[in-house]
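Enquirer: Sharing a structure below in structure tokens format, with a few things to ask.
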Amino acid sequence: MIARIWSGESPLWRLLLPLSWLYGLVSGAIRLSYKLGFKRAWRAPVPVVVVGNLTAGGNGKTPVVIWLVEKLQQRGVRVGVVSRGYGGKAAAYPLLLTPETTTAEAGDEPVLIYQRTGAPVAVAPERAAAVKAILAAHNLQIIITDDGLQHYRLARDIEIVVIDGVRRFGNGWWLPAGPMRERASRLKTVDAAIVNGGVARAGEIPMQLAPGLAVNLRTGARCDVAQLSNIVAMAGIGHPPRFFATLEACGAHPQKCVPLADHQTLAPADVQALVGEGQTLVMTEKDAVKCRAFAEDNWWFLPVDARLSGEQPDKLLEHITSLVR
């Protein structure tokens, strides 16, 4: 229902316009207060790169963060990541991730980024606190903040926006009548706009999510996902249909697709109940970090990597590395 409202297919968005105007006024006032100097943002002693969205919902932001971390690591840059840790609840903040940190404590995306890249990761509702903690523990040259484009209390040197190339900005309205956290005109002020799927427009960086081999949660064995049979597909991400479409494009045709809420807590019994006798469960990598502790033999995940095309990605990386002292 919410997807139909935000796309404009359902006329119900009109009923939510008063709340959207209120959201827009408040969010605009907050940004303006920092722009005019009434409020002061905290500036870190190292460059900060924000990777965020203008819209709510899954746009492919986490794969972009992983891509950026790995590219900077390849250039010898010491990079760390901070996040709000949405979906997790730690005993105390800021929380520096370790191999023992769970998604219940830190949230699924920070744990995924930590496991995939090996980079230091810290979470806290107040991102400045996370930055201070991670810099106290590690000698880093640059910080990437996973989400937080609208978190103006933390000053930033580079802003990168990730856009869903198929859904774009829906009906163009602020939350809750539409998907917008800020108006599309905000794109004029960011350093780069990366478009996940669809058709990138002038000045935007095209990106595709490239699937790898399916990985068994228990053994780490790998195989072509099309070789798996009797598949039940599960996706607890911002836009589950994208994952199901990826499976189809890989030649894997699920018998059943189970969309879950983004950041949803997954109880072992609930996940186990999805799979019948002789069936194979295939999930996203973000779901896998929550399920690995209680995984069964026939559970697999399909990793995806961001593939950015054209000359602009290299120019963006050169711009970012030029800030490193």
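Even glycines carry a Cβ here, placed using N, Cα and C.
The following feature annotations were taken from Swiss-Prot:
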- T55, A56, G57, G58, N59, G60, K61, T62: ATP binding site (BINDING)
Enquirer: Identify, in sequence order, the residues in the chain of K61 (ATP binding site) that are 6 or more apart from it along the sequence and have a CB within less than 8 Å of its CB; answer 'none' if there are none.
Expert: V51, G52, N53, D146, D147, V162
Enquirer: Ten-angstrom check, please: count other Cβ atoms within 10 Å of the Cβ of G57 (ATP binding site), all chains counted.
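Expert: Its Cβ shell of radius 10 Å holds 16 other Cβ atoms.
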Enquirer: Using the recorded ATP site (T55, A56, G57, G58, N59, G60, K61, T62) as reference, state which further residues of the same chain have their Cβ within 8 Å of the centre of those residues' Cβ atoms, listed in sequence order.
Expert: N53, V162, D164, G238, H239
Enquirer: Among all protein chains shown, how many Cβ atoms are found within 10 Å of the Cβ of A56 (ATP binding site), not counting that one?
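Expert: Within a 10 Å radius of the Cβ of A56 (ATP binding site) lie 17 other Cβ atoms.
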Enquirer: Taking G58, G60 as the binding-site residues to compare, which has the smallest set of other Cβ atoms within 10 Å?
Expert: G58
Enquirer: Any same-chain residues 6+ apart from T62 (ATP binding site) with CB under 8 Å of its CB? Would you list them in sequence order, or say none?
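Expert: In sequence order, the residues whose Cβ lies under 8 Å from that of T62 (ATP binding site) (at least 6 apart) are E109, L112, I113, D146, K286.
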